Every structure is written in structure tokens, then in C-alpha cells.
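J.: Encoded as C-alpha cells, here's the structure I'll be asking about.
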Amino acid sequence: MTILFLTMVISYFGCMKAAPMKEANARGQGSLAYPAVRTHGTLESVNGPKAGSRGLTSLADTFEHVIEDLLDEGQKVRPDEENSKDADLYTSRVMLSSQVPLEPPLLFLLEEYKNYLDAANMSMRVRRHSDPARRGELSVCDSISEWVTAADKKTAVDMSGGTVTVLEKVPVSKGQLKQYFYETKCNPMGYTKEGCRGIDKRHWNSQCRTTQSYVRALTMDSKKRIGWRFIRIDTSCVCTLTIKRGR
């Protein structure tokens, strides 16, 4: 399983063209540098004939730098109390690609792999009884996840509460790439559209509600200034409860 996971990570970064981290440190609101740029093809076709030989040796460094960059950005910028009520998370759900991504973001795969390692530390008997499928576990709220483009979003709310235009395409050295956002929201066609699953309706009012997180995206404000900003996108479906009065 470990070898399979490492192969998956290598394959993932094999088709990703990351911007140099030295340039990433110098980006501002008007900068177009961004570390998570993905193209399709070999390392040689993207960066020249010498890139293939040094590509594999730099994968670990690239991955480490991208994670550090995301953590640094999360420490520098914090939403205020009013704006963070329904959008208080920092996630990596944005990808620049020439076509629709075929898999969830890499950090999602890393989380699944971590869960596998945690399960591997338990005995076979414990794992068998802890398997949600064996216990018949169901989610409290039904949700759906999909990649959407800026053409679907059009506008978004930034961390200052202002409305900005989400740019559909991002200029790169060899053309343009589209911005894709991995969104998760409550399923309007699911069985929980009338309330959360497993809640006693005699005592509680329940509702499945889509919540948002901040992600970094290329946008344009009302003054036509283009830059990378944190915007809200749908990232989860949670259950909200209120107690019934008069009982």
C-alpha cells in the first residue's frame, strides 16, 4: 500500500508544473504567481529535455515547499469574527488545469492514506468491527462534491466581505489554464433535504446546511485590480439543530 501511495504521489506531481517557491514568497495581491499549476504531458515536454532527469529528485522538495507555503499563508491571513461565522477553514481546493481534473485534491488523498495507516495499527478484529460499511453507518447529511469552473461561479465573496469577479483563465508561460474549484455542498436530491438523518423530530428541528471555507483564487475587484485573494466556496454539509419550544 505504501509503494502504491508513493507511486500515486509521484504520478500526481509528474503532471504538475509548480512555480518556484522563491517567486511565491514575493507574490502580493497583484501577483500572478501560484504554486499549484497543473499541465498535462511529460516533464520534458513542459520544462525541456533536462527536466525529466531532475524531475523525480525534486518531487519531495516540491511537495514539502507547497505544504509549507500553504501553512505560511494560513498563518499570515485570518478572517475577522463576523466574516468567519460560516467560513472559517483554509483548504486547498483550487487547481489550474487545461482540462477537468479526474481526481479530488491531493490533500484529500493524503487524508485517506492517513486513515489507512491508523486502521493498520488496529487488530483485524477491531478493524472489522470499526468498518463503517459493516456497521451500517450513514452520514447525518447527504452531500455531493464536484469540480466547478469560474464560469460556474462568476463572482465570490472575499475575506473583506466584498464581491469580486472570479477569473476563468490564468495566464501562464505557455498560454492559459482554467481555474477549477473542488466544491462540496448538501445534496438537494438526497434523503436529508427535509432534515438531518437520525435526529428525533419530536424534540428537535434539524436542517442540513452547506458551509464555506476560504481558498486562494485569481480574482478581479471592483476597481479592476487583478490578484490572488482568499474567497469563499462551498466545502461541507453540516447538520444544524434547534430545540422545539412548547413541549
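Backbone N, Cα and C atoms are what each Cβ position is placed from, and that goes for glycine too.
Quick caveat, the model's predicted, so the values are computed rather than measured.
Per Swiss-Prot, the features are:
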SIGNAL    1-18  signal peptide
CARBOHYD  N121  N-linked glycosylation site
DISULFID  C141-C208  disulfide bond
DISULFID  C186-C237  disulfide bond
DISULFID  C196-C239  disulfide bond
J.: Which entry in the list of disulfide-bonded residues, C208, C237, C239, has its Cβ near the fewest other Cβ atoms, using 10 Å as the limit?
T.: C239
J.: How many Å separate the Cα atoms of C186 (disulfide bond) and C208 (disulfide bond)?
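T.: The Cα atom of C186 (disulfide bond) is 7 Å away from the Cα atom of C208 (disulfide bond).
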J.: How far is it from C208 (disulfide bond) to C196 (disulfide bond), counting Cα to Cα, in Å?
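T.: Cα-Cα distance, C208 (disulfide bond) to C196 (disulfide bond): 6 Å.
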J.: Return only the integer: C-alpha distance in Å from C141 (disulfide bond) to C196 (disulfide bond).
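T.: About 6 Å separates the two Cα atoms.
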J.: Do you know offhand how many angstrom separate C237 (disulfide bond) and C196 (disulfide bond) by C-alpha?
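T.: So the alpha carbons of C237 (disulfide bond) and C196 (disulfide bond) sit roughly 10 Å from each other.
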J.: Measure the Cβ-based neighbour count of C186 (disulfide bond), defined as the other Cβ atoms within 10 Å of its Cβ.
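T.: That number is 21.
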